[in-house]
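Comments concern the structure below.
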Amino acid sequence: MAKTHRFFSHHAHEFLRVAACTPVASVGDIAANAAATIALAKRGHAEACDLLVFPELNVTSYAIDDLHLQDAIQRATDAALAEIAAATAKLKPVLLVGAALTKDGRLYNCAVAIHRGRILGVVPKSYLPNYREYYEKRWFTSGYDVVEDDIAVAGQIVSFGIDLIFTASDLPHFIFHAEICEDFWAPIPPSTYAAMAGALVCCNLSASNVVIGKSRQRMLLSAAQSDRAICAYVFSAAGPGESTTDLAWDGQGMVHELGELIAESARFENDPELLVADVDCGRVRQERMRNGTFHDTARAEGLAPGSFRRVTFEAKPDFADVGLRRDIRRFPFVPNTPEKLDADCYEAFNIQVTALAQRVVAAKAERLVIGVSGGLDSTHALIVAAKAMDRLGRSRDHILGYTMPGFATSEGTKSNAWALMRALGVAGDEIDIRPAAEQMLADMRHPFADGKPTYDVTFENVQAGLRTDYLFRLANQHNGLVVGTGDLSELALGWCTYGVGDQMSHYAVNAGVPKTLIQFLIRWCIRTDQYDAETDRVLEAILAQEISPELVPAGADGALQSTESKIGPYALNDFFAHYIVRHGMAPSKVAFLALKAWEDASRGRWPRDFPAAARTAYDLPTIRGWLEKFLFRFFTISQFKRSAIPNGPKVSAGGALSPRGDWRAPSDGTAKPFLDELDANLP
Ligand SMILES: Nc1ncnc2c1ncn2[C@@H]1O[C@H](COP(=O)(O)OP(=O)(O)OC[C@H]2O[C@@H]([n+]3cccc(C(=O)O)c3)[C@H](O)[C@@H]2O)[C@@H](O)[C@H]1O
Ligand SMILES: Nc1ncnc2c1ncn2[C@@H]1O[C@H](COP(=O)(O)OP(=O)(O)OP(=O)(O)O)[C@@H](O)[C@H]1O
Ligand SMILES: NC(=O)CC[C@H](N)C(=O)O
């Protein structure tokens, strides 16, 4: 059911609804093409689109050869544009239609922007293909030097040139540019300049005949242009109905954003298609802000702000709930297709192994020292260490694994720890930390020493601290490096014991890996036979247990100390961390995205092997509750822990938290502005 609060509107979060339109063309039948354009515009309006991109020369159809030069065709084109403008005067979307227009005895291949009955402006094609199957220079004049000009079209005098950017006066993120087909096959597409001058959405009206391999090439160019020009890119190629005299057409529509494919059309279809997608102009804006090279290039190219003419119009947004036409992955760090997941795991695992091996060599360390709890993090650190030793040609017994049971260590995790160490062939040992912990707690006059069940932070950290103490001294004793096991998610939350505790190590091999990815990395290791069958069996057993720090004894009901019931589901925490750290998004937008990703467990793809029983949904109050906790932990109470973390490799493009890398922040900051923003903008 649609909700009325502004929070539920995609426009409130800087999304823009675009569509690549594929009408069925009628060769040279301008009235039919105008009718097809109007019909799709009405569909676009019904689907709440802001911007509709039609193919190149769709008013006449593209492949009409010398007919382009006929007066009758040109007059009919002008009349059709007037008709399209009139018929769409009450519709919401801006239309970019393709038409050949004359000025001063020259014919230009143009994109015509039309909105609510008004022709906003006309952009001529800069680069006319005139090689192999193309001979556009036979009819058209290149528009590459047309600037500061105007043109008469459909009874209106409007801005004309390649120096136009279209901007909504009442929706600040609605800023777009148009170019035409070959323009983006050029070494420097006009959209590169438009993006540097501020366009967030770049559009391409195309008539690109299909040959084997062509769709892949267009896909590559569109992805690359959106990545290089830091923009959203909407591409619409002519399709069914175009003249097949000597060529064929497939109607490829695509929407890319920052190199990522957001939506793609069916190809070789007989019916008209409207490929609708919501592009995230806020993400584009943020990305430009944090990429100085983009602005340096603009300055190097002499593109001062204002170097393009801005054509303004009123979008009249109503901030209604029209849903979100875009897949938001539940796990930003975990791809939901098997191929991409495998590829990412291969990268992550090898980054970790290579980085650790290099540090062993550089530090002239003979051994690696690891506290092996039987939990996910230390398991992963241990298998990475084993592979690093294999790569260095050293035997695995150069890894000293210690299981160090404390007051709450369960038999299950301890036996898993031993089974794993034996299966891998590392040098295992056991140190019972309880006598030392009892001594320490007694020395401190902690109530536990008097038999009282006081399981406070001190009680927890005494154990975490003693384990770290043992590991560092064992490293001295054996010329070893202590391998840190803490992961990226724990660093984001400050879920570790500072200094004399698991926050410290000689090399934090997991610090760049989020918790939600670790289980998939372990699964990938099993699937790709990185280790032997017995190791795989133990790894499966470890994957099956709940995440617990095991610092506090189980309750009377036997329930384990559950980490996620205390700090929130890692699935949500990783989601929050990704959008806040990597994309700088406001908490209300992060909540909106989390809702779209998580509100319906039956929608969208789950990552491969994600257990069916764990496929949960989260509603807005739940998301909000955990987000508030996350914001408090992340901004107020944990930065001092990150400001002093040991070295470790960045793994995910989704962000890292080293103070020497992606994330630098004050250790005495506050979450207040973030909590206030959430409070002000959520229903
Ligand atoms: N801005 C700041 N600059 C410098 N120091 C600051 C500080 N804010 C607090 N402090 C000081 O830091 C200390 C608190 O930090 P800390 O000693 O780390 O202790 P704290 O963060 O209070 O507790 C550690 C938490 O992490 C959990 N943990 C620990 C280990 C492993 C795992 C796991 O599951 O993997 C979980 C554990 O259950 C506990 O809830 C206090 O003494 C405080 O005064
Ligand atoms: N019983 C134990 N024996 C050996 N080392 C331990 C033990 N408990 C904790 N550690 C060490 O302290 C680190 C943090 O422990 P904790 O179990 O609290 O966190 P965790 O993030 O759940 O890690 P893991 O998934 O490895 O258990 C572990 O990764 C491990 O290196
Ligand atoms: N219409 C055009 O500009 C087509 C040229 C383009 N290079 C293509 O291969 O599709």
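Each residue, glycine too, has its Cβ placed from N, Cα and C.
Any TrEMBL annotation is an automated prediction that lacks curation.
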Per TrEMBL record, range annotated region 'Disordered' [choices 453-485, 618-650, 651-683]: 651-683
Binding-site residues: Tyr131, Trp495, Tyr498 - member with fewest neighbouring CB atoms within 10 Å: Tyr131
Additional residues surrounding deamido-NAD(+), by Cβ distance to the Asn461, Glu490, Trp495, Cys496, Thr497, Tyr498, Lys641 centre under 8 Å: Ala464, Gly486, Gly494, Gly501, Asp502, Gln503
Distance-selected recorded positions near ligand 3 (C-beta under 6 Å), from Cys181, Ser208, Asn461: Cys181, Ser208
Cβ neighbours of Lys641 (deamido-NAD(+) binding site) where a neighbour is any other Cβ within 10 Å: 23
Shell list (L-glutamine; ref centroid = CB of Tyr131, Ser208, Lys214; cutoff 8 A): Pro129, Arg132, Glu133, Tyr134, Trp185, Asn209, Val211, Gln217
Site with most surrounding Cβ atoms, counting all protein chains shown within 10 Å, from the binding-site residues Ser208, Asn461, Thr497: Ser208
Fewest other C-beta atoms within 10 angstroms, as judged across Cys181, Cys496, which are the recorded positions: Cys496
